[in-house]
Amino acid sequence: FLYKYYDTLPYRSMGMPGSLPAVCEAAWPKDVGIIAMEVYFPSQYVEQAELEEFDGVGAGKYTVGLGQARMGFCSDREDIGSLCLTVVQRLMERSGLSYESVGRLEVGTETIIDKSKSTKTVLMQLFEESGNTDVEGVDTTNACYGGTAALFNALNWVESSSWDGRYALVVAGDIAVYATGSARPTGGAGAVAMLVGPNAPLVFERGLRGTHMQHAYDFYKPDMVSEYPVVDGKLSIQCYLSALDRCYSVYRNKIHAQWQREGLEKHCSLEDFGFMVFHSPYCKLVQKSLARLMLNDFLCHPSPDTQSGPFSGLEAFRDVKIEDTYFDRDVEKAFMKASSEAFESKTKASLLISNQNGNMYTPSVYGCLASVLAQHAPQQLAGQRIGVFSYGSGFAATLYSIKVTQDATPGSALDKLVSSLCDLQARLDSRKKVSPDVFAQNMKLREETHHLANYIPQGSVEELFPGTWYLTRVDEKHRRQYARRSMSDDRPLEAGLITSCIAAEHIPSPLKKMPRIPTTTAGPEVISNGDH
């Protein structure tokens, strides 16, 4: 029906460039958003408290100052290809979907191991048995924002005349590592895969995106032979907070205009969000960010009540200029205190993975979204608006909102999504703790072997979670080969996951008639990134 509608739409009736008549909305698929999610993080971590002692810094510098408890990391057995292979295959297995049902696959990452070949093409090896090669999308890169750009592209595809009725699959994955020094404890690693389509339990609110993009060298990776970034820490914080201010302002203007069209005269504030999640370089910055949104609400309010309620006692800050407050300790302290209850109810739950695994770069904000879903019952989530702030250095940022479906009944799409994520805490607890010395040795090994040709990784395969893809070798032409660790293992947690993932398909096809593509004979378990 989409093809027929758009083919007959007269261009002269469309008004301004880029605009569509109101009648066009009837042709859009309904409730486009996230249907399923899968999260992957490494099987080993280092305690931040032990890392403080190892690094010779004051107690609490990482755990209190940054708000971090543990940091996940990868040995040389894992790279961006293996992370994404793992998270995609887990999502497809646990949801019971066929690879034929995916028509778009896009990867958001800043972990670049090839200046030409995309990580998406590596993932196409998973599609070989199905015979499905008709899959649009490649990689999208801008620091931690790439996953959000890929997600927006997927949503736009489903809502466009290009959509063929199949799902879009978005993958955000990265390995965040830093040179020895103050930035190293803000590392992490992981990947998130998201299935996008209509009739979703997490619906993206149309037209409600506030974006801000600007040129800055706050964090960048100019050295093509190193995994390490160049970071201006103070500038990065200023860019993040200024982007948050601008995005929130644009978002509020857009939702206010939307409400006016609906006959509502009200102004948007934190009270209009059931939950608020942020890109999380470290947890303390997220807490400060929520306080900053309250500061914005306070300064924009025509007559705030400073005698009672959340703005009580804040009258001294009524005339501050927002651009002068990025490093104002008095403002920060006052609004963190004023927003403490809002933080506890709207944001704290989102920091589960961030606190326990660290900064995953592009998947960070979606790990925060998954953390909220994992720790609330469907009934607590139903009907809520979730605000999402995504930031990538350089810099690019968007604040947008998701509306959770009202249907929280057993067996509903929301119930299945929440159930698929309820094991996050158990999976985090099942990881292996290693000493800071072993962690440092792993970082040294990665540093010395990054981009080596004719190399066989030294890390233990047995330490990986069952079902994890890993790097087996890099040949003399830099071609990478991967294998998957067996799913059978003594660990009861993972065995339980396998039992659930082979259940009958529970996610409906976007359209009743799915494109069917002839299958081919399955290949060997060991795969490479191709000889093309």
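Residue 1 is the first one shown; counting continues down the chain.
Glycine is treated like the rest: Cβ placed from N, Cα and C.
TrEMBL annotations: computationally assigned, not manually curated.
Taken from TrEMBL, the feature CoA binding site covers SER236, LYS284, LYS288. If you draw a 10 Å sphere around the CB of LYS288 (CoA binding site), it holds 20 other CB atoms from the protein chains shown.
As annotated by TrEMBL, domain 'Hydroxymethylglutaryl-coenzyme A synthase N-terminal' applies to 28-201.
Summarising the annotation, TrEMBL assigns domain 'Hydroxymethylglutaryl-coenzyme A synthase C-terminal' to 202-485.
Annotated region 'Disordered' per TrEMBL: 512-532, in sequence order.
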Local Cβ density at SER236 (CoA binding site) - other Cβ atoms counted within 10 Å: 22
Largest CA-to-CA spread of CoA binders SER236, LYS284, LYS288, angstrom: 14
CoA site, defined by SER236, LYS284, LYS288: further same-chain residues with Cβ within 8 Å of the Cβ centre: ILE237, TYR240, LEU241, PRO281, TYR282, LEU285, VAL286, SER289
